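Worksheet: one structure, shown below.
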Amino acid sequence: MASKPGILTDWPWTFLGNFKYLVLAPFVGHSIYTYFMSKDESQRDIIYIIILPLLLSRVIHNQIWISLSRYRTAKGNNRIVDKSIEFDQVDRESNWDDQIIFNGLIYYIGYLLLEQAHHMPLWRTDGIIIIALLHIGPVEFLYYWLHRALHHHFLYSRYHSHHHSSIVTEPITSVIHPFAEHISYFMLFAIPLLTVTLTGTASITAFGAYITYIDFMNNMGHCNFELIPKWIFSIFPPLKYLMYTPSYHSLHHTQFRTNYSLFMPMYDYFYDTLDKSSDTLYEKSLEREAELPNVVHLTHLTTPESIYHLRLGLASLASKPQSSKWYFWLMWPVTLWSIMITWIYGHTFVVERNLFKNLKLQTWAIPKYRIQYFMKWQRETINKLIEEAIMEADQKGIKVLSLGLLNQEEQLNNSGELYIRRNPQLKVKVVDGSSLAVAVVINSIPKGSSQVVLRGRLSKVAYSIALALCQGGIQVVTLDEEEYKRLKTKLTPEAATKLVLSKSYNVSKTWLVGDGLSEDEQLKAPKGTLFIPYSQFPPSKARKDCFYFSTPAMITPKHLENVDSCENWLPRRVMSAWRIAGILHALEGWKEHECGNMMFDIDKVWKASLDHGFCPLTLASAIESNN
């Protein structure tokens, strides 16, 4: 929102929320009916019906730029601005599709009002030339002066400051303006289109190409990584006056009073508003190499729909805890395509980057889904991918690599010990994060508790929790005789006195649960039971009269930068214990791997997390985020 919002700031359909696309429904329905149901051949016009595919292609075009930009800026090569993007920018830019809806309405109404827009040919050379000349002349010229006017304090405070709230730009930043600004921009861009329509020189190619050109240049100019090679300007030097670069427009967002031009810098040269550092920043950005992090967190895909929740996916979904949406079934072709790509693509990819004080962090993802980790025939492939990621981190001089989700599965690689045994010369420290996960679970148990129930598949974390609780005088109850025997073998004789086998489900209202907890067992728990997971994945919620805590996680300190997405199902600025463990390992300079049966001192790890600004996740905040 601008600092002093003016009239026509909000979009007319804002009150519709996620149903805003319904404003196009009457026109879409009418176009389909007219084309397929009309008995009069003259009424069947391909122009009218392809407006919707054009709008959809623009959405896809923008999304490709968003994903590409986030991937490239996470890697760091050719990145222009280093400052971070936070949740407030994601929220502010979440309505980037409003301008596509607005344009769609104008296209439909324009078609219905203008007889000349009907039955356009596929190609007309004269129309394409007219559009190009009108864009270079009136459009670029008028935009330059409109843009300068928008930087006058009166208009800037009421309108354009909303766009400039994003100092670090993303492709969709290009279309984040108040409604009134978009009206003025559309009037400019309509000059060439309306001219060729009224003169009878319009064509489908001309319309589609011009709209695509505007989207392409807008997205490129705000993508925050330099991609225009120097040789292009060497071959044709005048091109520097006819095409801007991402670094050129980035200076406008950091300096504000320079580089006003739309896509063609020539008017900045004419009116002496060119930023003198444009060429320097361009060359510096081109030469910038990929960033080498200090810590890498290795995760993987979860469900097929999780691609939309990745930072590289849909920004608005990535900024919220992972959940299934009703409209995902409409996107099944994209989902299926992504599944096929993950089967073909055999290498980890960078998901995001963060900065913790002076510590550079990256998240890498294995292109495998959760279900594949439970397929025996997939284990060798997955282990190979994990090992390749570890070896790559080692070769790059990365200090710590933490294993997230099922990448540390005991049945897969014995909590990472497999890789250490195969590569004893590793300098990178491999961390499974079990010690901090145990500490988080123990400190999530309500104060004053004297008894807890331990249910679910036993793991390294479960055994360590049982031992720590029994040694601390808290009674651990198990409901399965086989589990009781296995737990007892891991405990000292003194600690084993606090381990109890019970046939009753009403012994305690505090349950520590792992994978394999059935809905039937949840239904047998007392009313008001608090379920505290110790597994990487949360249990399914079968009870509305019980409370479900978060999987082991902590709230991150404010100095963790570039946080604009959620980690799986966790709320904003909350990080899993396994991921935090890798950060602590690097901050503290610990020299040991945390793999296999290796466990650090739980109190020491917990204290380190608090000392570095991580805060416990409260029950109230965990319940709120899960609702």
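Any Cβ shown, glycine's included, is placed from N, Cα and C.
Per TrEMBL, the feature transmembrane segment maps to 19-36 (among others). Long-range Cβ contacts of the transmembrane segment (19-36) within its own chain (Cβ-Cβ under 8 Å, at least 6 residues beyond either end) map to 11, 13, 43-46, 48-49, 51-52, 55, 98, 101, 104-105, 108-109.
According to TrEMBL, the feature transmembrane segment maps to 48-68 (among others).
Non-local neighbours of the transmembrane segment (99-115) in the same chain are 11, 13, 20-21, 23-24, 27, 31, 47-48, 51-52, 54-55, 58-59, 62, 175, 177, 179, 182, 186, 190, 197-198, 211; each lies 6+ residues outside the stretch with a CB under 8 Å from one of its CB atoms. The transmembrane segment annotation in TrEMBL covers 99-115 (among others).
Beyond the ends of the transmembrane segment (127-146), by six or more residues, the same chain brings 184-185, 188-189, 191-193, 195-196, 199, 201-203, 205-206, 209-210, 242, 260-264, 266-268, 271 to within a C-beta distance below 8 angstroms of the stretch. Per TrEMBL, the feature transmembrane segment maps to 127-146 (among others).
The feature domain 'Fatty acid hydroxylase' is assigned by TrEMBL to 134-273.
Here TrEMBL flags 183-211 (among others) as transmembrane segment. Sequence-distant contacts of the transmembrane segment (183-211) (same chain, six or more residues past either end, CB-CB distance under 8 Å): 8, 46-47, 50, 54, 58, 102-103, 106, 110, 114, 116-117, 120-124, 126-128, 130-131, 134-135, 138-139, 142-143, 146, 177.
Here TrEMBL flags 326-346 (among others) as transmembrane segment.
Annotated domain 'Very-long-chain aldehyde decarbonylase CER1-like C-terminal' per TrEMBL: 452-616, in sequence order.
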Per the Cβ filter (under 8 Å) with a sequence gap of at least 6 from its ends, the transmembrane segment (48-68) is approached by 24, 27-28, 31-32, 34-35, 96-97, 100-101, 103-104, 107-108, 111, 118, 170-172, 204, 208, 211-212, 215-216, 219-220, 223, 312-315
Helix, strand and coil residues within the domain 'Fatty acid hydroxylase' (134-273) as assigned by DSSP: 97 helix, 1 strand, 42 coil
